[in-house]
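Enquirer: Just passing along the structure, written as structure tokens.
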């Protein structure tokens, strides 16, 4: 329905499709600016600040534009946003908002991007009339990551609404009323337990909530934005690195409504301090272990000669494990290297959890649904996944889905198979073993009827289930489609680690791969278990905290965001969406090389050895059609009493860059010590 109306004597129109459109939204769509503090398009309407007052004909009083919906009655009415009455009202509102606000703008971290500063300049008075003593509020502790100087707070309640409505935690609220109103936790010194708590820093229009990690370190006009991605999430959330002088000062989200809207996880927002620690403790030159815990430095020429000697030794069986952060260019280089050596013992670290692969067709491993359309699903079944820690952004997408009105109120729209976890909506817990899954396939559960009646169900399969059953992603999807009568877009398979789809596209997986060689060549992979069968370990990467004592030859390489030749590189998420990242250089040492350069040197050496590709091409022939059909008809043997446990035990310990971040590590520890925090024992810890 098209609604026509007048704004400042200008005829405008807006197309009202689904939800009611407010005056504020209509004005914004037509390029007319209306100031606001409490309104945010992703949150519910509060109407606290009253900055968006407008005049509507035939109305006695000024109206808050954020809370008045447009309808067909506005055809004969006009909206005014710039008359004297409104300008005076805005001056009065600004005066009230600034009554208790401290004059500490020069030291406030919000300076330069503060909505209060900008709107005071545009709409406020040039003199103050308040001479009574200002109210001061004590600095509040919200954990290791967020700094709360609540004297600056203007009570817009954006933070409260975000945590309650989107993050699903009720740990912030409004206490008191009138002059005594405050925003805080209901108990003192309580940490906000959410994987997305840092987003309230971006939402705060003033300097009340700021980053404790970024405090007093920089100004926004000094920082340069460089495009990046959240490498710790399979969604590959777009982010901005804010850099100055080769050092990362902040990480902020980039708006993308199809993936993350405008939110990012705490893990990617605050992990950047680990890069500074890495640069201090990492080695800049290759090194070789001569005895236990004793290394000698080598030149690159000597180190690469040792690598060639190991790789070309026919007695050695080399296993190549590539980290999940490695880009597509490097994946191709090292696959080519192993093929030239006549070996197919290569895989990525996130592929080690799977027992079988099929990457003949792209649809076998890429999800055909779209995260943007998740609000159309009327039923969700979670199988072997804890969304809160494995995919927090997908978690809030689903948690805020409007499942619609149902005639039967007792029907539960969310089912969980696997470990329980906190969920906003009412859910039905089905079971934790594979036996529950088999009952679902056989139609012996009451929940099967709900799936049958559902018009748009969504089944999400996580890595915890995929690691328990020897199935390809295609076979897993086919079983759900046949058992529950679903389409491919009704099934979403979440894998672990970034660039998994790109590695499959490059064919970097092998059927029934297992680490069985005597030489391990690890490229930026820390999650490999080094067995006693392995007598020689080559580690090429940044730093290793899992099997550092077992490394025989160390080759230092650069971070993933500086490890490519041009200015940009492409990664691909679990939905097949490609994301570009820009080159960012933070490594201090000039002797540190890119993985691509090391790989090219090795290939050039092999070319000089005049190795042909005929044998490689013959070995690359895939299974014939008959063999593939025979493989598809095989019987699957599973232990039905096997429990589907979560693969992530600690959200803040999943990567070397996370483990080296002091603030994230302490945050993880404090969550475990929740009972101690409630008792007040942690009060003496440094939390700001």
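Backbone N, Cα and C define each Cβ position, glycine as well.
Copied straight from Swiss-Prot:
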type: DOMAIN; residues: 1-85; note: domain '2Fe-2S ferredoxin-type'
type: BINDING; residues: 38, 49, 52, 66; note: [2Fe-2S] cluster binding site
type: DOMAIN; residues: 85-124; note: domain '4Fe-4S His(Cys)3-ligated-type'
type: BINDING; residues: 101, 105, 108, 114; note: [4Fe-4S] cluster 1 binding site
type: BINDING; residues: 153, 156, 159, 204; note: [4Fe-4S] cluster 2 binding site
type: DOMAIN; residues: 223-279; note: domain '4Fe-4S Mo/W bis-MGD-type'
Enquirer: State the mean pLDDT for the domain '4Fe-4S His(Cys)3-ligated-type' (85-124).
Expert: 93
Enquirer: Please tell me which one of the binding-site residues listed here (101, 105, 108) sits closest to residue 38 ([2Fe-2S] cluster binding site), measuring Cα to Cα?
Expert: 101
Enquirer: Would you mind listing the long-range same-chain contacts of the domain '4Fe-4S His(Cys)3-ligated-type' (85-124), meaning Cβ under 8 Å and 6+ residues beyond its ends?
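Expert: Same-chain contacts beyond the flanks: 35, 37, 49-51, 53-55, 62, 130, 134-136, 151-152, 154, 204-207, 210-211, 214-216, 219-221.
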Enquirer: List, in sequence order, the same-chain residues at least six positions removed whose CB sits under 8 Å from that of residue 66 ([2Fe-2S] cluster binding site)?
Expert: 22, 23, 24, 36, 38, 39, 45, 47, 52
Enquirer: May I have the list of same-chain residues other than 38, 49, 52, 66 whose Cβ is within 8 Å of the Cβ centroid of the recorded [2Fe-2S] cluster site, in sequence order?
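Expert: Apart from the listed residues, the neighbours are 24, 36, 37, 39, 46, 47, 48, 50, 51, 64, 65, 67, 156.
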Enquirer: Measuring Cα to Cα, how many Å separate residue 105 ([4Fe-4S] cluster 1 binding site) from residue 153 ([4Fe-4S] cluster 2 binding site)?
Expert: 13
Enquirer: Between residue 101 ([4Fe-4S] cluster 1 binding site) and residue 156 ([4Fe-4S] cluster 2 binding site), what C-alpha distance do you get in Å?
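Expert: Computed Cα spacing between residue 101 ([4Fe-4S] cluster 1 binding site) and residue 156 ([4Fe-4S] cluster 2 binding site) is 14 Å.
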Enquirer: Whose Cβ, among the binding-site residues 38, 49, 52, 108, has more other Cβ atoms within 10 Å than any of the rest?
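Expert: Buried the deepest by this measure is 52.
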Enquirer: Given the binding-site residues 105, 114, 159, which one's Cβ is surrounded by the fewest other Cβ atoms within 10 Å?
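Expert: The binding-site residues 105, 114, 159 were compared, and 105 has the fewest Cβ atoms within 10 Å.
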Enquirer: What's the number of neighbouring CB atoms sitting within 10 A of the CB on residue 156 ([4Fe-4S] cluster 2 binding site)?
Expert: 27
Enquirer: Excluding 153, 156, 159, 204, which residues of the same chain place their Cβ within 8 Å of the centroid of the Cβ atoms of the recorded [4Fe-4S] cluster 2 site?
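Expert: Here the non-site neighbours turn out to be 154, 155, 157, 158, 183, 200, 203, 205, 206, 208, 209.
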Enquirer: Given residue 156 ([4Fe-4S] cluster 2 binding site) and residue 114 ([4Fe-4S] cluster 1 binding site), what distance in Å do their CA atoms have, once rounded to a whole number?
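Expert: Roughly 14 Å, rounded to the nearest whole number.
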Enquirer: Note the Cβ centroid of 101, 105, 108, 114, the recorded [4Fe-4S] cluster 1 site, then list each other residue of that chain whose Cβ lies within 8 Å of it, in sequence.
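Expert: Neighbours found: 102, 104, 110, 111, 116, 117, 152, 206, 207.
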Enquirer: Whole-number Å only: compute the distance from the Cα of residue 204 ([4Fe-4S] cluster 2 binding site) to the Cα of residue 49 ([2Fe-2S] cluster binding site).
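Expert: If we compare the Cα positions of residue 204 ([4Fe-4S] cluster 2 binding site) and residue 49 ([2Fe-2S] cluster binding site), the gap is 13 Å.
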Enquirer: Can you tell which of the binding-site residues 114, 153, 159 lies nearest to residue 49 ([2Fe-2S] cluster binding site) in space, using Cα positions?
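Expert: Closest by Cα distance to residue 49 ([2Fe-2S] cluster binding site) among the binding-site residues 114, 153, 159: 153.
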Enquirer: Name the residues of the same chain, 6+ apart in sequence, whose Cβ is under 8 Å from the Cβ of residue 153 ([4Fe-4S] cluster 2 binding site)?
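Expert: Residue 153 ([4Fe-4S] cluster 2 binding site) has long-range Cβ partners 137, 182, 183, 206, 208.
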Enquirer: Count, for each of the binding-site residues 101, 204, the other C-beta atoms lying within 10 angstroms of its own C-beta, and report the residue with the smallest count.
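Expert: Each of the binding-site residues 101, 204 was scored; lowest Cβ tally within 10 Å is 101.
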